[in-house]
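Step one of this worksheet: look at the structure below.
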């Protein structure tokens, strides 16, 4: 029976190819939505461990001019009484800028986002050490570079051992681990870059973080800008809370686009399925009549039509799953394995449900064709 249905479907491949292509793109759109929701849900389950209250950033990316300049800058900023703490770093919370690096220890390897920080960074973000200590000024000029890793990196490289004192290689450069800090859990960087390694390299830093005693207002903004304008002429002073708001707004743009695309594809697929089924029933009335005359019951006809559509959906899913597996194997979207699996399962289930629902009524109509009526029309 299956072989016969496959032969029937193959003989009408030109009629079905457009529908299969539509199902393929519908699978991709549905898969992307499922992947997005899965990754967002996973990240939201892990609350950020940093504190951005009254935190503002000054972005001076690509404007490094030496340690002396930043020493003068920080000394000038300290004169502003509304500023409580100052730190220089390459990472701003809720800013999707990452510095991907590979970290190895013996034969173990993991991918992280490297963050260049100073000795004040831990306190200004309100992070908590799990073991060891944070980077201090005495570490800046040591012959062996030091690093602080987060709990996720520690779990990947040292699941059963103490990390403090171990030598790890960050992109081939040896660093001694001096501390382990809790995970940042920043939802803006994605699951694959939610592991961090913290080192000190002023040339790699890109922002000045200021912790204010009160929320920023126009007066504080003018004071900070007047100070920074003596060192850099860029209007780049922004509360970190605005990065968070921007991230939350942008988060739903791809979801909206994919939802609209999926809705358009669903309408086209439904129309295509009904068109194919009605055409099949009208052109196969004599065939259905002969089958009924030969002893096939209404249930047999109904089952055949449903199985034909199920087979078309299966043929459409073969290239879909192949492409989905390639996405997962090469991690094209920088997502977790669970996210890819969720996307493929969701896309497959949605296609089968859509095809089956669309085939219910036409299959029922075909099953009610009377053999004498069909043969008379022929």
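Positions of Cβ are set from backbone N, Cα and C atoms, glycine also.
Taken from TrEMBL, the feature domain 'MacB-like periplasmic core' covers 33-200. In this model, the domain 'MacB-like periplasmic core' (33-200) carries an average pLDDT of 88.
With DSSP classes pooled into helix, strand and coil, the tally for the domain 'ABC3 transporter permease C-terminal' (260-371) is 98 helix, 0 strand, 14 coil. Annotation source TrEMBL lists domain 'ABC3 transporter permease C-terminal' at 260-371.
If you look at the transmembrane segment (16-38), the same-chain residues 6 or more away from its ends with a CB under 8 A from one of its CBs are 9, 254-255, 258-259, 261-262, 265-266, 268-269, 272-273, 276, 312-313, 315-317, 319-320, 323-324, 333, 335-336, 338-340, 342-348, 350-351, 354-355. The transmembrane segment annotation in TrEMBL covers 16-38 (among others).
The feature transmembrane segment is assigned by TrEMBL to 252-278 (among others).
Annotated transmembrane segment per TrEMBL: 310-332 (among others), in sequence order.
Residues annotated as transmembrane segment in TrEMBL: 338-361 (among others). Listed by sequence, the residues of this chain that lie at least six past the ends of the transmembrane segment (338-361) yet keep a Cβ under 8 A from its Cβ atoms are 23, 26-28, 30-35, 38-39, 42, 191, 266, 269-270, 273-274, 277, 305-306, 309-310, 312-313, 316-317, 320-321, 324-325, 327-328.
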